[in-house]
Amino acid sequence: MALRGPDSPSSVVPWAAALLLVLSVERALALPEICIQCPGSVQNLSEVALYCKQTSDLMLHARCCLNRKGTILGLDLQNCSLKDPGPYFPQAHTAIIIDLQANSLQGDLTNTFRGFTQLQTLILPQDVNCPGGINAWDTVTSYINNQTCQEQRNLCNSTGDPEMCPENGSCAPDGPGRLQCVCAEGFRGYKCMRQGSFSLLMFFGILGSTTLSISTLLWGTQRRKAKAS
């Protein structure tokens, strides 16, 4: 019976498989920064944990509840000594549930939640108002230790102002208490008045020619100065 050396193809396959496994694990551990902003993990009895355990396709990692694509659907930053959610907070704009209770949050949070159009449950410290005010939510409930904002409203359905957006634009939600006007396909610019897509070729052509002209002018000026001296 022939003995296989350490470099034979059959011995290389297991090593290659092990290497691929290690690389896949490393990729899986590359969590968004917001998930590891606060030490520790989601508590088993937290609202985020209970939400995440309702669906088998969702997984708890650090402070986040993620789907299999790595999209953040839940974020638990309670008791993290936060005065503001931090620069990585926009990474959680896809979240459906967020818990920020037991933090010393300060200021108006409306701009903080810009773009959080999927958010349906937000748990805040008891003395912090729901972003957008009570009109931005179907239910606002105050408890001893926290305040819960539930079921974000689409204010586009209740604004009652048909002229809020231009003729070639339409209203779209932009987070709790926020609206935005989105230009219809084929329109752009101020009040969606310009028709056609933005030409990158023209933009970079103008930018390049302007830069070249300024560079040539500066080069000629410096050359004349050098000859004069």
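Even glycines carry a Cβ here, placed using N, Cα and C.
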- [ ] Regarding the disulphide bond with Cys183, report which of Cys181, Cys192 TrEMBL records as its partner.
- [x] Cys192
- [ ] Mind checking which residues of the chain, 6+ beyond the ends of the domain 'EGF-like' (152-193), have their Cβ under 8 Å from one of its Cβ atoms?
- [x] 110, 113-117, 119-120, 122, 130-133, 135-138
Task: Segment-level pLDDT (mean, integer) for the domain 'EGF-like' (152-193) - done: 84
